[in-house]
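**Q** Attaching a single structure in structure tokens format; questions to follow.
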Amino acid sequence: MVGLPARGKTYIAKKLTRYLNWIGINTRVFNVGEYRRRATLQYRTHDFFRADNKEAMEIREKCARDALEDVCEWLDGGGEVAVFDATNTTRSRRQLIYEFLTVNHSYKTFFVESVCTDARIIEANIKEVKVTSPDYTGVNKDDAVRDFKIRIQHYAEFYEPLDEEHDKDYSFIRIYNQGEKFLVNRVQGHVQSRVVYYLMNIHVLPRTIYVVRHGESDMNRMGRIGGDGDLSKRGDQFASALAKYVADEKLENLRVWTSLLKRTIQTTVGIDAPKEHWKALNEIDAGVCEGMTYAEIQSKFPEEFALRDADKYHYRYPGGESYQDLVARLEPVIMELERQENVMVVCHQAVARCLLAYFADKDHVELPYLNVPLHTVVKLTPVAYGCLVEYISLHVECVDTFRPRPQVAKRKRSSKPGRRALMVDPHTVYSSVPADGLSNGDSERHSSSPVESLTNGSAVASCNGDMDGLTIGAMCSGVVN
């Protein structure tokens, strides 16, 4: 990353890392500020960042080199992209990064510079994010703001922005005022291309995204997966409740997206808002298992059933899709969601899990087992470095379609050529019909972010969005920040 303090570099670094990990590119952030905090007992004042403070400069240089060493160690160990999150505001520092990563270790380096000249944006970043950092623990807010602004001045005295003439041999993107315009130079390879495309689609305007499963369907009541069935009577009741919820919330400029399947379209009939129907939002294709119950699949295709239990994210139904396939299918949806303001996505269980995993930063192990109950609105509100997740039950009875992670006992290969299986706990047997009852709207219980409150059917979980990953700023492909 490149840029003066309070320009949104860490926000970009974390958001980009979350996206790359979601699409399957192993990415991690290396924040030099964290190295500096570990190397010093306590931050005192802005004087630490003066260019003539030789002792502090030595500490800062050592922290940057330590972080670069860790970047290389991580990339050498199998990491794919590293995001080097620091100011990197001088040409000498960027030359050091380039030589260390590209010349000495043959990693591609891509610089991402955030340029901001809008005083309102800078002021908001300082007050909303910087004064709550560990540097200012126990410090009066006004004093913290004053100190941080002087810190910015220390950096500004020696700031050398990326330049298309002087830095023409570097690969980089300059982002002006959080997306007003962009300057892109020498993009190399598919990873850098995807990074540029993503960064040109995101925005930071306040908005809310609602992820909702369709109302209960007749297929849900029978415990059958897939298909294109109609809503049940209780599903119709939920559709009415959802329309009332939207009307009561008075959501400005709301757009509603559904799949092409009847049950999502029927769920949104009463909502007074522009609607779009996306094929990409259709439920995961279960192939030869479409329309079957889990008990029937377990009986008819025991090896396939066991293989899916062993690796649910990568397992692909015969003639169908895997969760990994579904993430690839949903990438254009995520890109468009990042461009929009308020959107309600009415979709299906597997699709909702993939979308929620992106916004709440869940990994591929957690993703297939996220609990997204029927008749529950999942409200996603982007915040500084992550996303606030609320589960709001509309209190309409429905079946519970959640199937918990099974206990896998041991691996066993089939005696038939080309066939293999994993044996699951023999006591794990699934009935044909799901449990009937009131969906409680609770948040997913194995979330890495704890549920903070649960009142009136609404669960609030704060997802801090912390990510491990890649080097961008330089961005290393590794990509180095």
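Heads up, the Cβ atoms here are built off N, Cα and C, so glycines get one too.
Among the features that TrEMBL reports, active site, tele-phosphohistidine intermediate is placed at HIS214. Residues annotated as active site, proton donor/acceptor in TrEMBL: GLU283. Per TrEMBL, the feature substrate binding site maps to ARG213, HIS214, GLY215, GLU216, SER217, ASP218, MET219, ASN220, ARG263. Summarising the annotation, TrEMBL assigns domain '6-phosphofructo-2-kinase' to 1-206. Residues or ranges marked as region 'Disordered' in TrEMBL: 430-455.
Can you tell me where each of these features sits in the structure?
**A** Applying an 8 A CB threshold to same-chain residues 6+ apart, the list for HIS214 (active site, tele-phosphohistidine intermediate) reads LEU231, GLY235, LEU261, ARG263, THR264, GLN266, THR267, VAL346, CYS347, HIS348.
In the three-state DSSP reading, GLU283 (active site, proton donor/acceptor) counts as coil.
Of all Cβ atoms in the protein chains displayed, 30 besides its own lie within 10 Å of the Cβ of ARG213 (substrate binding site).
Per-residue pLDDT, averaged across the domain '6-phosphofructo-2-kinase' (1-206), gives 95.
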**Q** Tell me the coarse DSSP state (helix, strand, coil) of ARG263 (substrate binding site).
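**A** Where ARG263 (substrate binding site) sits, the three-state DSSP reduction gives helix.
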**Q** Looking at substrate and its recorded binding residues ARG213, HIS214, GLY215, GLU216, SER217, ASP218, MET219, ASN220, ARG263, figure out the farthest C-alpha pair and report it in angstrom, whole number.
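**A** Result: 14 Å between the two most distant Cα atoms.
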**Q** Can you list the residues of the same chain, besides ARG213, HIS214, GLY215, GLU216, SER217, ASP218, MET219, ASN220, ARG263, whose Cβ falls within 8 Å of the substrate site's Cβ centroid?
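**A** What remains near the Cβ centre is GLY229, LEU231, SER232, GLY235, LEU374.
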**Q** Using C-alpha atoms only, work out the spacing between MET219 (substrate binding site) and GLU283 (active site, proton donor/acceptor) and round it to an integer in Å.
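**A** So the Cα of GLU283 (active site, proton donor/acceptor) lies 13 Å away from that of MET219 (substrate binding site).
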